[in-house]
Ligand SMILES: Nc1ncnc2c1ncn2[C@@H]1O[C@H](COP(=O)(O)OP(=O)(O)OP(=O)(O)O)[C@@H](O)[C@H]1O
Ligand SMILES: Cc1ncsc1CCO
Ligand SMILES: [Mg+2]
C-alpha cells in the first residue's frame with residue numbers, strides 16, 4: 001500500500017509494544033490514518049490477531065516470562081494469515097540474543113525491522129552498538145541481504161541509508177536526516193508503520209514505501225525545526241498531511257534497486 005491506500009483502508013495495526021514509546025508509536029500509526037492497538041495480554045491475542053491487519057512484536061523491554069507470549073502471538077497471527085513484524089531492540093545484549101533465538105526457533109516472523117547493528121546480529125556480522133543505537137560502520141546492503149538469507153524474513157534495515165531486502169531483491173534509500181535519530185522511538189514507530197503499509201500484502205516495495213514516507217516526513221519536519229521536542233510534533237504533523245505524489249517523486253529520485 002501507499003499512504004493514500006492506508007488513509008482509505010485504515011488498517012488495524014496491533015503492537016506488542018515496549019513500555020518506553022507506545023504513545024509515540026500509536027500516534028504515528030494514527031496520524032497516517034491507520035488504527036493503532038496495543039496489547040500484552042495472552043488471553044486476547046487470538047481475538048486481536050483476528051481483527052488486526054498486521055502484528056508488530058517489539059522486544060525493547062521484554063521479560064523472560066513474556067517469551068512464550070510473543071511466540072504464541074506470532075503463531076496466532078501466522079495461522080490467521082496476518083504479517084508479523086519483529087523489532088528486536090538491542091538484540092546483541094546476551095539476554096536479548098537468547099530470547100530472540102528462542103523466538104525464532106518456535107515463533108513466526110515475516111519482517112525484521114532494526115538498525116544496522118540489530119540486523120547485523122541476524123547476519124552474523126560484527127557491528128558496534130551502544131544499547132539501542134547502532135554506532136559502527138559496515139556494508140548495510142550486504143548485512144540486510146545476508147540477514148534475509150539466514151532468517152527467511154524480509155529485512156528492513158533503518159539508518160542514514162535505509163535498506164529493504166528479501167534476499168533476492170533489494171532497495172535502498174540513502175538520505176541523511178540526522179534529526180530522525182535524535183528522538184527515541186522513531187525506529188519503534190517505523191516498525192508499526194510498516195505494518196500499516198503491508199496490510200494487503202508483503203512486498204519489498206511496500207516496506208520501502210513505509211520507510212520512504214517516514215523519511216520524507218522527517219526531511220520536511222527538519223526544514224522547519226532542528227530541536228528534538230518540536231521536531232517530534234512537526235514529524236507527526238508532516239505525516240498527517242504528507243501527499244502520496246510527493247512520496248512517489250521522492251522514491252523515484254532516491255530509491256535505488258539492486259537486482
Ligand atoms: N543518520 C540518519 N540519517 C537519516 N535518517 C536516519 C538516521 N538514523 C536513523 N534514521 C531514520 O530514523 C528512523 C529510525 O531508524 P533507527 O535506525 O534510528 O531506528 P532505531 O535505532 O530502532 O530507533 P529507536 O530505537 O529510537 O526506535 C528511520 O526512519 C531511519 O531512516
Ligand atoms: C530506550 C529503550 N529501551 C528499551 S526499548 C527503548 C526504546 C527504543 O526502542
Ligand atoms: Mg530500535
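Any Cβ shown, glycine's included, is placed from N, Cα and C.
The substrate binding site annotation in TrEMBL covers 38, 185. The ATP binding site feature in TrEMBL is assigned to 113, 158.
Cα of residue 185 (substrate binding site) to Cα of residue 158 (ATP binding site): a distance of 12 Å. Counting every protein chain shown, the Cβ of residue 113 (ATP binding site) has 30 other Cβ atoms within 10 Å. Counting only the Cα atoms, the space from residue 113 (ATP binding site) to residue 38 (substrate binding site) is about 18 angstrom. In this structure, the C-alpha atom of residue 38 (substrate binding site) lies 23 angstrom from that of residue 158 (ATP binding site).
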